[in-house]
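Reviewing the structure listed below.
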Amino acid sequence: MLLEQVIYIMCNLEVSKNSSRNKLWSLIFGIQLLIIDQLVKSFFINFLKKTPEIAISIFKYFKISYVWNYGISFGIFNYYYDISNNFFLIVNTIIVLCICYLITKAKKLLQFNAYMLIIIGGTSNIIDRMLYGAVFDFIDIYLIIFNLADLYIFVGTILLVIYYSYYE
């Protein structure tokens, strides 16, 4: 009941041309998320590169691992790294630019913030590909290994599903 009310309110907050302050705060928050993701990745790259084969177990199914992903989600195309990095760098950039266009059309704050999360996550993974030639994944939950940028993309996508299921 409370969750439905919160979702209803979030789906109906307007993003008008006069609400540049809301957009500015969302942008500042997004840039902070991007910086956090890059700093955390840099920390774990430097911390774990001495022993990349050893994962740090925190809980039974939660570890910090050292994994370079040359492909896409879940390691698909991971073994074609000689051609995949440039290909996925171009594809990721095109997708982020398309979502940058969509964010300009956002009418509600939830929609705007969802697009912002996806843009920030995609941009962080693009930065990884440009700097390292692959995306660094370190959060290891049982069978899935990902990074904070992937989490931003996932949460942004879930928010869009919520938005479109309630609003459209």
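Each residue, glycine too, has its Cβ placed from N, Cα and C.
Bear in mind that the values here come from a model prediction, so they are computed numbers and not experimental data.
Per Swiss-Prot, the feature active site maps to ASP137 (among others); the stated evidence is sequence analysis. When other Cβ atoms within 10 Å of the Cβ of ASP137 (active site) are tallied across all protein chains shown, the result is 24.
The active site annotation in Swiss-Prot covers ASP150 (among others).
Under 8 Å from some Cβ of the transmembrane segment (25-45) lie the Cβ atoms of residues 64, 66, 109, 112-113, 116-117, 119-121, 123-124, 127-128, 132, 136, 138, 147-149, 152, all in the same chain and six or more residues away from its ends. Residues or ranges marked as transmembrane segment in Swiss-Prot (evidence: sequence analysis): 25-45 (among others).
According to Swiss-Prot, the transmembrane segment annotation covers 54-74 (among others).
Look at Swiss-Prot and you will find 83-103 (among others) tagged as transmembrane segment.
What Swiss-Prot lists as transmembrane segment is 116-136 (among others).
What Swiss-Prot records for 141-161 (among others) is transmembrane segment.
On the backbone, the CA of ASP137 (active site) and the CA of ASP150 (active site) stand 9 Å apart. Summarising the environment of ASP150 (active site), the number of other Cβ atoms within 10 Å of its Cβ, over all protein chains shown, is 21. Long-range contacts of the transmembrane segment (83-103) within its own chain (CB-CB distance under 8 A, at least 6 residues past either end) are made by residues 70-72, 77, 112, 115-116, 118-119, 122-123, 125-126, 129-130, 133-134.
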